[in-house]
Amino acid sequence: MNIVVCVKQVPDTATERKLRSDDKTLDREAADGVVNELDEYAVEEALKLKEAHGGEVTVLTMGPGKATETIRKVLAMGADKAVHLSDDALHGSDALSTSYAMAQALKKIGFDLVVLGSESTDARTGVLAAMLAERLGVPQLTLANKVEVNGSAIAVQRLTDYGYDKVEASLPAVVSVVEKINEPRYPSFKGIMAAKKKPVETLGVADAEISADQVGLANAWSEVVDFAVAPPRAAGTVVKDEGDGGAKIAEFLASKKFV
Amino acid sequence: MSEILVLVEHVDGDVKKVTLELLTLARSLGTPAAVWAGPGYSDAAKAKLAEHGADKIYVADAEEIIGYVVAPKAELLAKLVADKAPAGVLIAATAEGKEVAGRLAVKTDSGVITDAVGLGEGFVADQSIFGGGVNVRSRVTKGTPIVAVRPNSIAPVAAAGAGAEEKVEVALSDAARAARIVERVKQEKGARPELTEAAIVVSGGRGVGSGDNFAIIEKLADSLGAAVGASRAATDAGWYPHQFQVGQTGKTVSPQLYIASGISGAIQHRAGMQTSKTIVVINKDAEAPIFEIADYGVVGDLFQVVPQLTDEIEKRK
Ligand SMILES: Cc1cc2nc3c(=O)[nH]c(=O)nc-3n(C[C@H](O)[C@H](O)[C@H](O)COP(=O)(O)OP(=O)(O)OC[C@H]3O[C@@H](n4cnc5c(N)ncnc54)[C@H](O)[C@@H]3O)c2cc1C
Ligand SMILES: Nc1ncnc2c1ncn2[C@@H]1O[C@H](COP(=O)(O)O)[C@@H](O)[C@H]1O
């Protein structure tokens, strides 16, 4: 099975994240880049499926040059090769253009299964998997906490507001996984050494047959009008429980008319 | 004024509160037209939509629409966008709502904004990003604005609309029928309000210590008519079902009041609750980061403080 796992490099959520004042895009230089935590579950699931059914796992990352760190980590976890979609023309792409560019790259790479995380911790749109399924005309099996492949059939449990749906389709397909699905492995020392020799192909927009007028900040379908650092929440009252903590909260709630 | 499509969220035939919020928002921008997708449409549903300003109600109640993952709803909306040329489309920013918005955006070659917490003239949307650190105003620049709005972003206000019904038939494409839902498993929800819609949410974390102990969180919730939430530590431990998880990978809630007990306030938890209007915290560690966003906090043992609070609330009733 030919599996492509989509992994994004994001600023570490533990550090302060900023928008750039010049073009209002995410400041990727200001913060350390890490593998989007939610994509580690996608990588783990891709590796498990490969271990069970054979085939190959290719990492696809769209992002600046620095994203090679992310690619190395995923190769160290056990992916076989990588495609790095990287071009200055892609800077500032929104969800529409990112999905277009990634769909073009996926067509070029070829796939039986595309696996994504449920959300990127920086953009937090959670739409890319649905958009890719739409663009590629393949089944959307998203928000899965269980994935089973049997020949060309695929079945997932899709988490819903009320529980889960059992969903069936046939390959090729796009899957996104939630963080309840597995426990991502750590790269081993051997894995880290082996990763250095694994092939990483860099694709620019022309290589992936991406029209430059459909990507990048100037061609985005949406724009940031303005932004401001949120004013800090007004400091609240914090008291130590002296045996009357519950009563004090009740008083506070009453003063706010909640009770 | 042009129409603004509002995709109706409904469970068991009942219109959800978020839809009334979206109709209220739509009224400030144009003429609201509700879109009902799937079976279960009734006179009661019609009345509720009309009471909140739906001028039109497009009804596509074929069973088929809910038989496949997301794509049929996007196809239905795309057809209406093509036929009715609305000024915009509003969808609830639930996990599924965002996916519908995403597919619709591709289909109609339109921009999409997810997780709006406000929406003003020109469809300029307010968003709160980076765990609440930055406020952004953004807008769609191409196509029909598609905006996914977070539940509880505004209070629903009634205002009568004509509620004129129009049946809509969609011939689903093969692509929309590619991911078949073969079974729906409903896990018990109980009598409490739904997490994302509740005015008050009472959450417990690792400090609660066990699934059985969640009973004290539930009691407090019930005294306030609140929904129960949980941190990931609590859902991962199996103390509370996953669909009650609040945070980055759980539900995003924006209630009037959020009470966090035994939760440290990791950035991933805060990402799902920091737009709550009032935040109350109970934690025995005075250094817990959750206190930074508390309007009122008690440093203490939740096993003492929570039951006392529940009693005090009951006394005041
Ligand atoms: C990719 C990713 C996604 C994530 N998504 C989410 C998410 O959606 N939601 C989420 O919540 N987390 C999420 N997390 C996890 C998050 O980082 C934290 O680990 C989690 O929120 C911690 O839960 P907690 O606050 O209950 O536990 P802890 O951090 O262990 O805090 C427990 C708190 O309880 C207090 N306490 C203990 N006993 C008592 C007592 N008797 N009385 C009073 N206080 C007591 C302690 O002082 C402590 O502050 C995610 C993490 C990752 C990596
Ligand atoms: N630039 C990117 N490169 C590779 N994968 C991405 C990229 N952006 C998003 N993804 C994938 O899409 C998922 C959803 O992201 P989003 O829609 O941005 O929240 C992520 O978990 C990743 O798997």
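The count begins at 1 with the first shown residue.
Even glycines carry a Cβ here, placed using N, Cα and C.
Record features (TrEMBL):
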BINDING   B:ARG206, B:231-232, B:245-249, B:262-269, B:ASN283  FAD binding site
DOMAIN    B:4-185  domain 'Electron transfer flavoprotein alpha/beta-subunit N-terminal'
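TrEMBL feature annotations superimposed on the structure.
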residue  : record           : CB count, 10 Å
B:ARG206 : FAD binding site : 16
B:GLN245 : FAD binding site : 26
B:GLN248 : FAD binding site : 23
B:ILE263 : FAD binding site : 32
B:ALA266 : FAD binding site : 20
B:HIS269 : FAD binding site : 27
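Less than 8 angstroms from a Cβ of chain A: among the binding-site residues B:ARG206, B:GLN248, B:HIS269, that describes B:GLN248. Averaged across the domain 'Electron transfer flavoprotein alpha/beta-subunit N-terminal' (B:4-185), pLDDT in this predicted model comes to 96.
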